[in-house]
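Chemist: What Swiss-Prot records for this protein is below:
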LIPID     Gly2  N-myristoyl glycine
COMPBIAS  26-40  compositional bias 'Polar residues'
DOMAIN    80-141  domain 'SH3'
DOMAIN    147-244  domain 'SH2'
DOMAIN    266-519  domain 'Protein kinase'
BINDING   Leu272, Gly273, Gln274, Gly275, Cys276, Phe277, Gly278, Glu279, Val280, Lys294  ATP binding site
Amino acid sequence: MGATKSKPREGGPRSRSLDIVEGSHQPFTSLSASQTPNKSLDSHRPPAQPFGGNCDLTPFGGINFSDTITSPQRTGPLAGGVTTFVALYDYESRTETDLSFKKGERLQIVNNTEGDWWLARSLSSGQTGYIPSNYVAPSDSIQAEEWYLGKITRREAERLLLSLENPRGTFLVRESETTKGAYCLSVSDYDANRGLNVKHYKIRKLDSGGFYITSRTQFISLQQLVAYYSKHADGLCHRLTTVCPTAKPQTQGLSRDAWEIPRDSLRLELKLGQGCFGEVWMGTWNGTTRVAIKTLKPGTMSPEAFLQEAQVMKKLRHEKLVQLYAVVSEEPIYIVTEYISKGSLLDFLKGEMGRYLRLPQLVDMAAQIASGMAYVERMNYVHRDLRAANILVGENLVCKVADFGLARLIEDNEYTARQGAKFPIKWTAPEAALYGRFTIKSDVWSFGILLTELTTKGRVPYPGMVNREVLDQVERGYRMPCPPDCPESLHDLMFQCWRKDPEERPTFEYLQAFLEDYFTATEPQYQPGDNL
């Protein structure tokens, strides 16, 4: 977003610009003006401190096995009798009933009635087994094209394209957000004034079924359009050079039948953190799959209540939520999730990398968290413990919300008293702390506190004040002042989150939109400073 003007690898000659550019945006993940775009950010990073050892609920763990943002799901139920699909990614079987396959392999779908895992037969090996349905697409369809990412937002397209690893001309095609039935071509570019940026070109559809960006050059198919602009810029900011890299998506669950799993199917390998209620480990399931495992101390919560809540939690599926994979439901309870490589946002902010983060990256992280919480809001769910310690950071500054809903189940007296030593009073809305009224609006209050954690690089809220004092002062109308170097417009947003009447606080949908458009609609003149 604002600070860096690192020059990317050249992908070919530059050409004149089309007039029908849908828009462009500044980079998200550039951290330092001295960095070169061919060099991974990880070369500047010390080993992550995955989790702290404070006496709070520590988050789940998680990984994306690739160094890029998780790609969207592009497939759904079979339509029109199509039974031959093509693999979008490699997949190694995790159980005896799974089917391994390679990217590009053709598969015949035998049974797709079980939702997330389909029974398929490989047309090359003849073997049959279950496959993750979001790893395949109908053969010869637009969904099978590597450059087609379907229904992703403009903002997510920019996050993917603005990696320093990508050369000019890196591209993807997605559905248009503004015009039904139309598509958008998003292309990475570079210029000396604006640095790395993305141009968006609307692809319109002809009544006869063809496609065009400019009416003087028309194509029978999207494939033909992409092939043409890969050879000729012809008005684009740059010819198309490289398909935008994406990571394998998370499978929905570990395998077809893995939900309540035996304890001996898990191997705990590396302890990542410890809190008052348990530990977090990196481990392996079934000898095949990297996972994070949260172990809860006996007595922390009722196994019956946990299992009931987990049935709801596993249905929450969003790219900005840590995915719950499986559980061991007998005490000690184990919670198995995706493993995310950089650990908690709190430790990330306080660590070596926090020094390199500037306001554009911090606001983008906040927008991602708001996106995940907007989904929680739509699903009529409540987090109850939203703070930086319960957000996980992956590659390319991807943020995911963890530990949603667990706080409600804790039976520890020091926690359930709501003013005990283990309760996160400084993050909790007054109506929740005093009267137990936890709603999505109390989560909005907590999000405002989380914004102070971001802008202060992990400082504890209400510095110098103890919990009892915080509760008294907030009830009297005290609100934290604007953090150093933080724009007043962002502090105003925090104040909206801290309105006394919960119904007057903004929705997460509004917060997401505000933060995603922050540097175009609210702070277009932003210039990076020494800290933010």
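Residue numbers in this text run from 1 along the chain shown.
Keep in mind that glycine also has a Cβ here, set from the backbone N, Cα and C atoms.
Surface or core, plus neighbours and distances: that's what I need for these features.
Modeler: Across the range of the domain 'SH3' (80-141), the DSSP-based residue counts are 3 helix, 27 strand, 32 coil.
Across the domain 'Protein kinase' (266-519), the model assigns an average pLDDT of 89.
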Chemist: In the domain 'SH2' (147-244), how many residues does DSSP put in helix, strand and coil?
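Modeler: Taking the domain 'SH2' (147-244) as a whole: 18 helix, 36 strand, 44 coil.
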Chemist: Would you say which of the binding-site residues Leu272, Val280 has the most Cβ atoms within 10 Å of its own Cβ?
Modeler: Val280
